[in-house]
Every structure is written in structure tokens, then in C-alpha cells.
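What Swiss-Prot says about this one:
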BINDING   N7, E364  Mg(2+) binding site
BINDING   K14, H188, L189, G190, N191, G192, D262, F263, R264, G310, V311, G312, E313, N314  ATP binding site
BINDING   R71  substrate binding site
ACT_SITE  D128  active site, proton donor/acceptor
SITE      H160  site 'Transition state stabilizer'
SITE      R221  site 'Transition state stabilizer'
Amino acid sequence: MTVLVVNSGSSSLKYAVVRPASGEFLADGIIEEIGSGAVPDHDAALRAAFDELAAAGLHLEDLDLKAVGHRMVHGGKTFYKPSVVDDELIAKARELSPLAPLHNPPAIKGIEVARKLLPDLPHIAVFDTAFFHDLPAPASTYAIDRELAETWHIKRYGFHGTSHEYVSQQAAIFLDRPLESLNQIVLHLGNGASASAVAGGKAVDTSMGLTPMEGLVMGTRSGDIDPGVIMYLWRTAGMSVDDIESMLNRRSGVLGLGGASDFRKLRELIESGDEHAKLAYDVYIHRLRKYIGAYMAVLGRTDVISFTAGVGENVPPVRRDALAGLGGLGIEIDDALNSAKSDEPRLISTPDSRVTVLVVPTNEELAIARACVGVV
């Protein structure tokens, strides 16, 4: 069985051809600059992906494709497991777009294009929020007017769930321990960033909330913020709700504080003596450390902390600084292991560390492909 996985963003489209059973990738790639002259829209992007596959000798009709798997960020209360795409699903996903304005609309465009170009295959939507569907009520409930929250379905949904679930499973496999026996903290640190507490393979808390804006400081998003700031900007600075939303989503985080959302560029600015970049980094690390400590308290006993995604996997100083001085909590990392590079799961804690610290590469495309297996 082979699955085509499509992860459609506003300006890029990632694709992969995967054999779920073996984990083999026949091909993968990314089409960037959607909206430019060369790639004017998502239709052109997916056609370009097909052209790349054909150039590599992989023709769709010869691949034994059984399904097309799509990443969808927000499933709300309606979608909490992989679901066959139909017109009703698309309509409901579109209704949820205000809760994930950077993610759901381009994902819907990708799905619509793929259904048009591959009409004879089942299309499966895999939702970022699904892993957190059963969060305990104390973790998922906001302390606001209960009737208002129930009427408008306001709760913590959580995001990056496909990655958090996959990494927690891979950590257990790497350690050769039963998933059910482990209490884990997973830190998905990319341009978007989130933390989760996972007990026995089940999520018990996570940092993102109703939308992907809450929680950790991110590349362009603020993370946790006093709601009073929003009202203050609206009343005093004359900003509209749309202006504030755009600022919090696109011009905040380390970009808003330090002038760069890419950590390589941020490190260059810090090394050049840029004080704003240094503050952005310090705020990022401070927030990350707070969540690590909070989730250790939530879990009671922490067995494993795993770093994943672009920053988590590839920026050793972030891992070092996030865990520095936490020996009293049983966390000690080995500098040499932390600095080593590898594309495989690896240990970075010392033999004396009571908490095992890992770097576990995420693989959302493989996880999405495997999620399709039980549906088709």
C-alpha cells in the first residue's frame, strides 16, 4: 500500500509518497513560493509536485496509490480521528478557519485541488487536534463563563498533535520500554512551537489552546499573553481586531522582539551584539523552561523529555539553555551528546540524569500515512 501525503500551507506545499507499513519514502519534496509567477496557486503547486515525481521516474498510475492523506490543523469538536474527506467535511473545516486562520484555509485549498486532480482516490484528513481530544477537563477548560464557553465551543484543543503522538511513540521504541509505562514531555519546537505532557501514551496537557497562538513563544506568534493587552490595544492604540490578530500571529514572537523568526539569523544577530535579538532569545527560553517545570508538576514523575521539529532537532543551544541548572529536578544533559548531529533518535542526557532527555526527529508525513491505513 502506498499513500500520497499532502501538507498544504499558504505559500508552500509539502508532499511525500510513503509506504506506511515499512516506513519507506519513495519520494518527498516541497513546492515553494505559491502565489508567485512560477507557481500562481495551489493547483499549479500540486501539478508541479506531480511533475517532480514524474521526473524522478515515479508516475502516479504506477505507484499503487490507495489514498491521499492531508494534514488539517483544526478539527474542533467535530473531527477527532482521521476522516474521509467529503463536501460536508470541507464545509465544517471552513467554519473552523477563524480558529486557525494561517492553517485551515490553505489546507482546504490543497484538499480541493487534490480531489480535483485525483478524483478516484479516497482523501483522508488527519487533524492536529485529534491527539488532544480527550484532554482531562481541568486541562482543557478555560475559566470563563461556562454557558458562553459551551455555546461557542471554547476550550483547549491543542495542536501539533500528530507530531506529539508520533514522537512519544518513537521515544518509547528507542528506549525499548512500554509506552504505557512512560510519563513524557514532548517539546515540538519549530516556527510554531508547542509542549505536551503525555502519560502512558495519552495527552494530559498541552500549551496551545483554542487556537495555535497560545503557549510557547514562537517564530512569529506571541504565545501566552494577558488578554488585557488585546483590549488595551483596541481601546487605546486604535487597532482593530483584525490588526491585533495579524500582529499576534505574524509580527510577534522572536520576530517581533528580535527582528528574525529564523533561529540561525537570530543567533547571528546575537553574536553581532544585537540586544533585541538577545532579549528575544531569553524570553523564548524563559517561557520554555516554565512549561517544562509546569508539566513536570502535572505529571508528578517525568521519565522522558524529547525535543523535536526544526529548532528542537537542530539548535543545540536551545536544548542546553532550556535545561540548564535543572539538576535539582533530575535533568542533566551531556554537552558532547547534545552537540552531536544525527538524523536518528538519540540520547543527550548523562548517565546520572534521572530524566532521560532525547532528540527525536518528527515525521508527520509518515504518521499521516499510517493514520490513513485504518480508514481505507
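Placed from the backbone N, Cα and C atoms, the Cβ positions cover glycine too.
This view paints the features noted in Swiss-Prot onto the structure.
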residue: N7; record: Mg(2+) binding site; contacts (Cβ under 8 Å, 6+ apart): L13, K14, Y15, H70, R71, A107, G110, E364, E365, I368
residue: D128; record: active site, proton donor/acceptor; contacts (Cβ under 8 Å, 6+ apart): R71, M72, V73, H74, G75, H103, G158, F159, H160, G161, T162
residue: L189; record: ATP binding site; contacts (Cβ under 8 Å, 6+ apart): L216, L288, F307, T308, A309, G310, V311, G312, V315, V318
residue: N191; record: ATP binding site; contacts (Cβ under 8 Å, 6+ apart): M218, G219, T220, S261, G310
residue: R221; record: site 'Transition state stabilizer'; contacts (Cβ under 8 Å, 6+ apart): G192, P212, M213, L248, N249, S252, G253
residue: D262; record: ATP binding site; contacts (Cβ under 8 Å, 6+ apart): G219
residue: E313; record: ATP binding site; contacts (Cβ under 8 Å, 6+ apart): F307, V359, P361, T362
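In three-state terms derived from DSSP, E313 (ATP binding site) belongs to a helical segment. Of all the binding-site residues listed here (K14, R71, R264), the one with the fewest other CB atoms within 10 A of its own CB is R264. Taking the Cβ of V311 (ATP binding site) as centre and 10 Å as the limit, one finds 23 other Cβ atoms among all the protein chains shown.
The binding residues for ATP are recorded as K14, H188, L189, G190, N191, G192, D262, F263, R264, G310, V311, G312, E313, N314; their greatest pairwise CA distance is 22 Å.
Within 10 Å of the C-beta of E364 (Mg(2+) binding site) there are 23 other C-beta atoms, taking all protein chains into account. Secondary structure from DSSP puts N191 (ATP binding site) in coil.
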